[in-house]
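Undergrad: One structure is given below, represented as structure tokens, and several questions about it will come after.
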């Protein structure tokens, strides 16, 4: 029973009035079904405004500020920039206990890693520790992730070290090298903060997941190979990172360059670290075993070298680590001169890689704990911490997957775990850095090798192979590019293959031949549904992409090829001639003038064959543009239907009657 006005719903007069007002949009019901509706015309300004909003403000960030007093808006604005103002109000002693344990655990992991990663970047060891002191404090105030652990990471350290050494030799010009490193860090932060501030985070999505898997695996292999210098005790080692140069350097020093005491230390503790990691993986409650193993390795190996004075028998040691917290370095950044542009280029690349890793890590752990992180807010936080870090003698810091995993398993509740880690690092810099003097470089190499092995995700690579061969090609291309050439070329190959895949999908969209599922009015891809039967005298083709200038000609030619194939098949089987070509436009979200021109050419080609063109279910953007271009007048509005079923019912009623 239809509701009347008296029961609170619409009355018959209201319904009639509403139907009358929509009649001009062809939205009323006819005997054979609903006709395609034409959306109201919109101004250019409104269309442009909506496009900008969806591109840059898809999450509607201002929705929280609606209908609020000015003071409340200011407070919410401060919370947006400094999330700590929000979650700190509900902070409890119970949460602090979890953060304290997690912070102490990741500190025990980060201290030996930071010393090793700084060597990977060819920077003094204390710079690695500096980078786990200041940046985590900034992130704790501005970041939105509860689980991410901030500090130097292997991939960015290797990338930075490789790119910087192409410009300056760190041994002959250590000050200029450090200045360029701080300059690159500054511009890495500027790049990250700018992407977040201008809400351009979607740019990092152009690096596909498959390319990242391959790039990370290649970087892990390269990093591990670089550690053979410290692991084998080789003094003269190649500066190149490709596998061929590294292996030539390794085997070229086999008779005179290897040191057996160094190899014994490195191999013993690498085995210990791998066993500890295995124990942590097998039993999640024993995660602390793998977390504390690096620090235990450093303490034991340092003590062993000190009492045996193995450094006098060819075992390379860390030597002095400068005591004290971060000195200011703002005056060392190149804001003018020839290294300004170089620092910007290196920083932009390192910043993008750091962003990709940090955002991926943040989203992973946020999903595990069922909360959301704001990607743009994260970029601003990461950028700000690197800008401040560049002015306090730090190099590029980002989210570390190994430390974040330990942080998560240790029971962290908020970003306070980063603060605890930072305080421990500060105390280390102030009090105990002299104790690292006799730490063998071999143990640092072992720690880095054991850490980067986790970056080789062979399970994901195998899954990519099973799911998408083109994605797997991107994965392999990035991997071999890093391993056989360099980190920057591997990154370039990863981006190039990702963009190539996008271009391929845009220029060569899928099309499908549709058939009728028995005893239904549903039409589906005949390849996916072998039971689907073709309609006699009717060819139904679906286009699975927007139709733009990049693919319009291909779409037209592909539809005509479907038609030629069907005509040849019908001649062979002596079936009825095709009289109607129905193009299903449901997946076509947009069309441009080139696409409309292609449809016009398709219409002309069909008219020569005495075949009528019929369109089914064009979306609002498509039908609006077809009407503006007067294509609807050209084809006739009686040839545009809401569904394929309606079109078949009109032009092949006998088929429908048999359903």
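Including glycine, each Cβ sits where the backbone N, Cα and C put it.
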Undergrad: Need the matching range: TrEMBL marks transmembrane segment on one of 77-95, 96-114, 115-133, 210-228, and I'd like to know which.
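TA: Of 77-95, 96-114, 115-133, 210-228, TrEMBL gives transmembrane segment for 210-228.
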Undergrad: Quick one: which of 443-465, 512-534, 535-557, 558-580 does TrEMBL have down as transmembrane segment?
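TA: Within the set 443-465, 512-534, 535-557, 558-580, TrEMBL attaches transmembrane segment to 443-465.
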Undergrad: Do you know which of 231-253, 323-345, 346-368 TrEMBL annotates as transmembrane segment?
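TA: TrEMBL lists transmembrane segment for residues 346-368.
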Undergrad: Using Cβ distances below 8 Å and needing 3 or more such pairs, separated by at least 6 in sequence, tell me whether the transmembrane segment (210-228) contacts the transmembrane segment (148-165).
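TA: Between the transmembrane segment (148-165) and the transmembrane segment (210-228), which are separate recorded stretches, there is contact, as judged by 3 or more close Cβ pairs.
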Undergrad: Any contact between the transmembrane segment (380-398) and the transmembrane segment (148-165)? By contact I mean 3+ C-beta pairs closer than 8 Å, pairs at least 6 apart along the chain.
TA: yes
Undergrad: As a test: from 286-307, 346-368, 418-436, 443-465, pick the stretch that has the greatest number of Cβ pairs under 8 Å with the transmembrane segment (177-198).
TA: 346-368
Undergrad: Take the C-beta pairs under 8 A between the transmembrane segment (346-368) and each of 258-279, 286-307, 418-436, 443-465, 477-500. Which stretch has the highest count?
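TA: Ranking 258-279, 286-307, 418-436, 443-465, 477-500 by Cβ pairs under 8 Å to the transmembrane segment (346-368) puts 477-500 first.
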Undergrad: Let's see if you can do this one: DSSP helix, strand and coil counts over the domain 'STAS' (528-651), in that order.
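TA: The counts are 63 helix, 21 strand, 40 coil.
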